[in-house]
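Written out below as structure tokens is the structure these notes cover.
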Amino acid sequence: MLAVYQSRATPVRLSEGLVMTSFASSSHSVTHSPVVVALDYDNRDSALAFVDGIDPRDCRLKVGKEMFTLFGPQLVRDLISRGFDVFLDLKFHDIPNTTARAVAAAAELGVWMVNVHAGGGARMMTAAKEALASFGNDAPLLIAVTVLTSMEAEDLQGLGITLSPAEQAERLARLTRQCGLDGVVCSAHEAVRFKATFGREFKLVTPGIRPAGSDAGDQRRIMTPAEAQEAGVDYMVIGRPITRAANPAQALRDILASLKQEG
């Protein structure tokens, strides 16, 4: 059964002459599930049909650049109104002021988590964190992308970076923590070291998670959900193994069951 959560609209003043509407929702942190389902759809109706078939207590949802560009903020509002925590995965990377305003706009939508590129540097990340101060306990988690899980050493070398993906990821994760952000997006293979280095409160969000037997897709550095949990991953992003399953709700329940057995 579809649970509908009522949202409320509240005007928020970003700066003189500019007023935006904030959508707060009772869906905020509605679940403790570590699973974040990546919604990679090019059809709005298909995306909502999928969402209406799963339980917001079982997972959170990730909206990335493609869907946000196609369907805009209203899609995020629709997902929140259905009771889901939403990770807005837009990887902001711009001058500090622009990034700060973008992060504040995401918070006004009522998202649960938003991210920036750590490669934007300390001033950019600090500005983004400061932009959330006025939201208090309603502020979303703010995390940074270190090294994309599709990248390997030769990809970094093409950018003039001589460090390995693991070394570059740790370097950027350290900078992220120094700037006061809540965590990083990283490969599951970095999770054990990152937890030991940066502490339990520093959240690790990991793409490239695939149940055993699943196609690796375009991710290079992958793990199963149980392996990721054992490594210390806090939130695991899983897409096609759930969204393209014959029975998505059952696929999600199977993953959660495997994690409970491991936990």
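Every residue gets a Cβ built from N, Cα and C, even glycine.
Record features, source TrEMBL:
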- 34-255: domain 'Orotidine 5'-phosphate decarboxylase' (DOMAIN)
- D40, K62, 89-98, T149, R210, Q219, 239-240: substrate binding site (BINDING)
- D89: active site, for OMPdecase activity (ACT_SITE)
- K91: active site, for OMPdecase activity (ACT_SITE)
- K91: active site, proton donor (ACT_SITE)
- D94: active site, for OMPdecase activity (ACT_SITE)
Cα proximity to G239 (substrate binding site), best match among active-site residues D89, K91, D94: D89
DSSP three-state assignment (helix, strand or coil) for T149 (substrate binding site): coil
Overall pLDDT for the domain 'Orotidine 5'-phosphate decarboxylase' (34-255), taken as the rounded mean: 94
Listed in sequence order, residues with CB under 8 A of L90 (substrate binding site) and six or more positions away: G64, K65, F68, A102, A106, V114, N115
D40 (substrate binding site) and K91 (active site, for OMPdecase activity), Cα-Cα, nearest whole angstrom: 16
Rounded inter-Cα distance in Å - D40 (substrate binding site), D94 (active site, for OMPdecase activity): 24
Intrachain C-beta neighbours of D94 (active site, for OMPdecase activity), sequence separation six or more, cut-off 8 angstroms: A102, G120, M124
Cα distance (Å, whole number) from T149 (substrate binding site) to D89 (active site, for OMPdecase activity): 14
Chain-internal residues, separated by at least six, CB under 8 A from P96 (substrate binding site): R123, M124, T126, A127, A128
